[in-house]
Amino acid sequence: MAVSIYDSLRTPGPKHYKYKICDGIDLGDGLVIDPLNLDSLVVYAKNVKWSSFCDYGVPLYLAADTMDTPYEYPPIIMNDWRWFIFNDHYFGKYWGYGLYTILMVYSTIFVITVALTVLSFLTVNKGPYKITSLLLKLSSVLASTSIIYFLTSALSTISRQQEHYGVANGNVFGTLLNSNLVIATLNLLSMFFYKLCQVSIVARLFERKLEWRIVVFVGGIMSIVSFIISAIVSYTDRVGIRNDNLVTLSPFGLLFDIALETCFAFIIVTNVWGTRKTWVSHLQMWYLALLTIAIVLLSPAMFLADVGTGLLSAYAATVSPLLYTMSTFVAWEWLERIHILKKAAQVKSLLGQKIYEDEQEGYNFAYYSVNNESNLDTNSDSHISLYNDMFRNSEQFSNVGSNLSSKESSSLPAQMNSTGISFPTAVNQVEFQKRKSFLDHLTNFTYSRPYKIYKKSKSIIQLRKRNSETVKNERSNEELSIEKVRRRLGLTNERREYVYNTKDIVFASDDDTESECESNNILNESIDSHFPENGAGSV
């Protein structure tokens with residue numbers, strides 16, 4: 001298989017060197033040896049002229065490693081070859097964009113992308129972040145599908161070229177990437193979903209709801225803007241639309257993506273450094289921390305290198321999804337591991353998870369306090385000492401129940417009533433019942449009503465489920481009892497054969513009757529012995 005030195009994926013510039021072997025070389029008279037033709041193995045020829053197979057004025061060289069031959073190449077061919085391997089061309093040396101080099105690069109990208117896709121399905125758990133895990137898996141599948149479709153199409157085209165021309169040109173990869181709409185669409189969708197996953201990962205670092213909403217709002221808008229810019233640049237180039245106003249859009253989109261990736265890398269690295277006390281005692285977390293820092297910094301570093309030297313422009317359409325896949329997956333894995341360590345530390349502590357009071361307004365914490373205000377211990381010594389400390393230096397010591405109703409005064413402890421201290425409110429009253437604005441009522445209704453409906457529907461479903469299970473259990477118990485009785489009576493015998501055991505049954509009433517009869521007979525015999533029938537008149 002031969003490789004063209006014109007196998008650059010970039011747009012060629014002006015040619016600075018003209019290869020003479022493409023115009024032909026006069027070899028003169030001599031013998032022509034053709035080992036494949038046995039009939040005319042050696043032929044004498046005159047005025048032999050030889051020209052190399054060239055592609056757009058650039059010769060094709062054999063890419064295979066052949067054995068050393070004692071024959072020497074003509075000086076013209078050697079000069080062209082030296083120019084090919086030692087001099088820079090339009091945008092760099094062509095050897096870096098040879099066919100085998102490109103195949104090795106894309107094969108590596110394919111293996112890494114597919115492996116990370118499989119790992120995302122095996123290791124990424126849903127948990128409380130179902131949407132994020134779904135987006136991560138979907139974007140991984142799209143990236144894998146894109147690279148598989150790209151390699152399949154490119155290799156089939158190279159195979160046809162080899163069969164038809166006897167050579168293969170690496171321009172197939174660049175042409176396919178710059179013209180195929182399917183690959184462009186898959187790459188755009190995968191990178192957009194990866195950016196949304198990165199926004200969700202950054203939002204997980206903030207515990208407060210307000211900060212979480214700000215991150216999601218700003219990050220979501222930035223991701224959508226980046227997606228729109230990338231879509232415009234990609235589709236205008238592939239469809240063939242030329243607009244002078246869109247010339248600066250492509251570099252602006254690239255710089256915008258670099259800024260987003262730099263922010264993401266900075267936040268992840270800051271989190272790794274900020275949580276070092278949590279993972280510093282675990283050896284595996286050391287490896288994961290170093291890997292996370294290296295990979296999240298790799299994306300902006302590669303993009304910046306591409307801007308400065310054009311390093312990735314030939315592979316940008318496939319390297320960019322790979323970099324997003326690696327950084328997103330590793331950052332997700334880091335957060336999962338550090339979250340487990342934090343939860344383990346919170347379980348050991350007394351306080352547990354943090355609760356912010358301003359976030360609980362209108363939520364369960366406030367409702368719990370209001371519903372349990374009657375459970376406060378108003379007769380405890382702590383309340384008495386608290387109120388004594390509050391009003392020790394106050395003028396309210398001289399007021400004797402002027403602000404309390406009879407019902408509120410009766411609810412006070414006996415020790416406090418005897419001191420003559422008056423309070424503006426009841427002891428066990430929690431002051432949540434302040435006058436609220438219409439916006440507060442509307443916000444409270446918006447947040448509380450769906451929660452109440454959810455709780456009510458959940459209780460109804462649980463009650464119906466419990467009732468159905470109870471009825472089912474009762475029916476099963478009743479059927480079991482009937483079956484047991486039928487089995488004891490022999491009613492389950494299909495052959496209608498019944499065997500009974502005979503047994504004397506003695507009832508308790510029969511035993512009592514026999515004992516009473518025996519006692520009566522004994523009593524009559526004793527009476528007859530003392531009072532004979534004919535001796536009554538002698539008494």
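Cβ from N, Cα, C; glycine included.
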Same membrane side per Swiss-Prot: G127 vs D306:
no
Candidate ranges 102-122, 214-234, 249-269 - greatest C-beta contact count to the transmembrane segment (173-193) (under 8 angstroms):
214-234
Please give the average pLDDT for the topological domain 'Extracellular' (1-101) in this predicted model.
64
Hey, which bits of the same chain come close to the transmembrane segment (214-234), Cβ under 8 Å, at least six residues off its ends?
184, 187-188, 191-192, 195-196, 198-200, 202-203, 206, 246, 249-250, 252-253, 256-257, 260
Near the topological domain 'Cytoplasmic' (270-284), which residues from the same chain, at least 6 beyond its ends, have a CB less than 8 A from one of its CBs?
205, 292-293, 334, 337-338, 341-342, 345
With DSSP, how much of the topological domain 'Extracellular' (152-172) is helix, how much strand and how much coil, in residues?
16 helix, 1 strand, 4 coil
